[in-house]
Each structure stands twice: as structure tokens, then as C-alpha cells.
Amino acid sequence: MGNVFANLFKGLFGKKEMRILMVGLDAAGKTTILYKLKLGEIVTTIPTIGFNVETVEYKNISFTVWDVGGQDKIRPLWRHYFQNTQGLIFVVDSNDRERIGEAREELMRMLAEDELRDAVLLIFANKQDLPNAMNAAEITDKLGLHSLRNRNWYIQATCATSGDGLYEGLDWLSNQLKNANR
């Protein structure tokens, strides 16, 4: 009987967990974002070959964030991380106008995958501190986000180095998780 109450208490007041897959083209800022959220500081990064995984605690939610390398040669490996993903963070370098079309192709390819059909989508429009950065509305248009049907999505302007916008993105993810559990 005590176990029933313990489980009920945990369900009401315990930590919720959310599995997040963070992807995007190479040099978009994924690893910088991960460690800014985890450590609160900027770390020196090198191109990710493989993945980094960290748990980020925020507002009584334990986010397990998988940061997977974005170089074109290793993008086919992304699909190995799709299973059980509840939230997808797609990081875009807002200053990289030349590759926004490539980013759109990769995003749409992923969203067509059956294993990600229930995952919510958060776009981090990163590097907003740079003078020629595209704003969130322009990125929304160039990624074709308004054409998405049956998918909860949100775009957040961010700057990984200062941390601007990162926690607002986690707020949106945590609200999606709470709404899904109702």
C-alpha cells in the first residue's frame, strides 16, 4: 500500500523526464548550447564526431539532451537516435544564409520519419548576436515551418554564448510535456 502512495506522490510531485534530440547543421552551436544549459558557461568546442549527452535539470524536469554531430557525412547516423525522442531541438545558424536551404532539407527529412511523429519541434534560431543574422520570422519562412501539419513547433531566437533565449525554449518544451501528460 505504501508503494501505491509513493508512486502517486512521485507522479504528482516528482521529477518529470523528457528525452531531447538536438540536431542541426555543423557549426550551428549545438554543443555550445548544451554546455551553456548544463554548466552555465561557454566551453571551447571542437566539431562533434558522434554525440554528447547531458542531463539538464530545469523547473522540476530532467531533460536528457542528446547533441549529435552535424557534419554532412555523419547526418545519416541521426536516425539511430530517433527512438523514444519526445522533443526535437533543431539548431540553425541564423547568420548562415547560404546553408538555410540545406537546413530545411535536413529538417524536413527528419520530420518525415515515423519514429519522430509524436516529437514536438523547437527551433533555436541561434547566433542572434551577429549583425547579419536572420530573425525568427525569416527563418520560419525559409524553413517552411508554416507548412507543418499535425506537429507542435516553436521557434526561439537564441544566442548560445550569452544564453539569451535558451531557457525560454526549455519553458516551451516543459509546457508541451505537461500538456501531453494531461
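Backbone N, Cα and C define each Cβ position, glycine as well.
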Swiss-Prot annotation of region 'Important for the stable binding to the membranes' - which of the ranges 3-16, 31-44, 101-114 it falls on: 3-16
One of ALA137, ALA160 listed by Swiss-Prot as binding GTP at the site of GLY24, LEU25, ASP26, ALA27, ALA28, GLY29, LYS30, THR31, THR32, ASN126, LYS127, GLN128, ASP129: ALA160
Cβ-Cβ neighbours of ASP26 (GTP binding site) (radius 10 Å): 16
Nonlocal residues around LYS127 (GTP binding site), in sequence order (Cβ under 8 Å, 6 or more apart): GLY29, ASP93, SER94, ASN95, ALA133, CYS159, ALA160
